[in-house]
Each structure stands twice: as structure tokens, then as C-alpha cells.
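Per TrEMBL, the features are as follows:
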- 10-23: compositional bias 'Polar residues' (COMPBIAS)
- 1-23: region 'Disordered' (REGION)
- 27-112: repeat 'Solcar' (REPEAT)
- 134-223: repeat 'Solcar' (REPEAT)
- 231-319: repeat 'Solcar' (REPEAT)
- 195-215: transmembrane segment (TRANSMEM)
- 235-252: transmembrane segment (TRANSMEM)
């Protein structure tokens, strides 16, 4: 009997077979994907109106909206409350899949990094270890890997959402796109799959900052668990909300560039053929402050939306059977 098997035989119990270990790991992996669906629903419900204001500020100058309050008031006045939920259908469907893929793959990458990089001996001795002893750098690395993975769904979803959010016409007949399906049809019909995936590079760049989100989430979770008597949902709420703020503080300028690219015309009128062209345009038009235009609604949205998303995710993770 190997040392790994010997160490897992305790109190007369038989060590789990290889098939049992694979089944157990598969069950733990599926939980992350299921919990991610509920995370996506919670995030959309709380955060989409803030996101609409953010995108509109990011893609206009002060001649149209002086700030978030004017953008909000004009949107509601001219388009009603429904105006705040323009483009909500793609993320409603997309974020369920996006958060399922992101958080599910995050769970898988944490386990792979733990078992193969950071704690291979400990993992082989205890099949139930999971990622409990994964260091913060491991959580941060898993975040970047999960961010890259989900970008291939997030890119098209965010592209369609952004196109719909910057349509200011009240009457649908005057809009270029009548809805998400029409938007997809027109982009694919005119520009093929490259049109749908316009802005993918900017999406991948933006999601490298998941390093700070998931690294700080682990730091805050450990600190709250060790230094407070908060319940698990409360820890998830506060750690999720604060880590989201860290993420946006580090990533926001790249998000501004991404939105400029995603709302750029696709035809010969295209202004930004490369990421750096859009980055230069933002600075040329508004200086360094241009990289932070629309930050207030984003910052206000980040805490409640992501806090509730992570509460939902962790609650489902705890509630689902092994």
C-alpha cells in the first residue's frame, strides 16, 4: 500500500478508490458551475441600471452628460425606468452562463493549482482537501485563468449589451438594433464571427485584473474569518463587496478603453483598429480623467452587485450535496 493510501486510512475506514476520488472531485466541480448561475442572476438584478449609466458616460463626452446624476435623470426622463434596463437581456442570459463558467472554472483552477503546484503532497494524502490551503497568489492566478476562460463568452455578451445601451432613441423604429437578436443578426450578417467577437482582445486585457479581485477576496475572507465572529454569509458579503471595489480600482481604465472599442463602428468608419488607438483617444480627448469617466456609478454598483452575487454563489455551494 502506498504512503498516500496509508495516510488516508483512518479509524478503520477504507481509503476511497480512484473512481470514488474522481467522482468526488467531479461533484465538487459541478457545484461551482451551478452556483455560478445564481450568482449571475443576483448580479444582474442589482447592478444593471448602474452599468447602463456607466457605459453611457464612458462612451460620451461632457457635451451630452455632465455627470452620472444628469445621465440618470435624462435617461429616466426621456426613456423611463426601462431605459436603465436597456441591453439587460444579453447579460440576463449571458451572466448566468458567464458566472457559471467563471466561478465553476475558478473552482476547478483552484483545485488544479492546489493539487499540482502549491500542495501536491498534501493533496495526494487527502482527497477532500479541495483548495483550503491554497495561498493567496494561487487564488489570484486562478482568477486570471478563469477570467481568460470566460472572456470567450463575456466578449460577445458585453459587445451586444454595449451596442444596445448606447441607443438613445425612445422609439424602437428609429434604433439601429431592435433588440439583442437583431443586433447579433446584423453584426454577423455584415461582419461575420469577427463582428460578434469585436473587442475580444480588450476583454482579455480587462480580465487579467481578476488577479486583484480573487487575490483580495481570499485576503479579506481569511481576515474576517480569523478576526471576527461574522457568519459565513456575512463574510461572503463583505469580502465579496470590498474585493470588487479593489478590482474596479485597478481595472477601470482598461474597462473604459474596452467600452470605446465595443461601441466603435464596425465598418469603414471604424476609429480604433487597435487597443492602443482607443487608449490614446481617451487621453487625447479628456486627459487622464477620461480613464475614470463613469467611475462613480461603477463604484456604487460594484459593492452591492458583487457582494450579493458572491453570497448567492457561496450559499449554493454550501447547500448543494457533495
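Indices start at 1 and increase along the chain as displayed.
Cβ from N, Cα, C; glycine included.
Remember, predicted model here, so these are calculated numbers, not experimental data.
Under 8 Å from some Cβ of the transmembrane segment (195-215) lie the Cβ atoms of residues 106, 136-137, 139-144, 146-148, 150-152, 154-156, 158-159, 184, 187-188, 243-244, 246-247, 250-251, 254-255, 257-258, 261-262, 264, 266, 275, 278, all in the same chain and six or more residues away from its ends. Mapped onto DSSP helix, strand and coil, the repeat 'Solcar' (134-223) counts 72 helix, 0 strand, 18 coil. Per-class residue totals from DSSP over the repeat 'Solcar' (231-319), listed helix then strand then coil: 74 helix, 0 strand, 15 coil. Over the repeat 'Solcar' (134-223) the predicted model carries a mean pLDDT of 93. Residue counts for the repeat 'Solcar' (27-112) under DSSP, split into helix (H, G, I), strand (E, B) and coil, are 73 helix, 0 strand, 13 coil.
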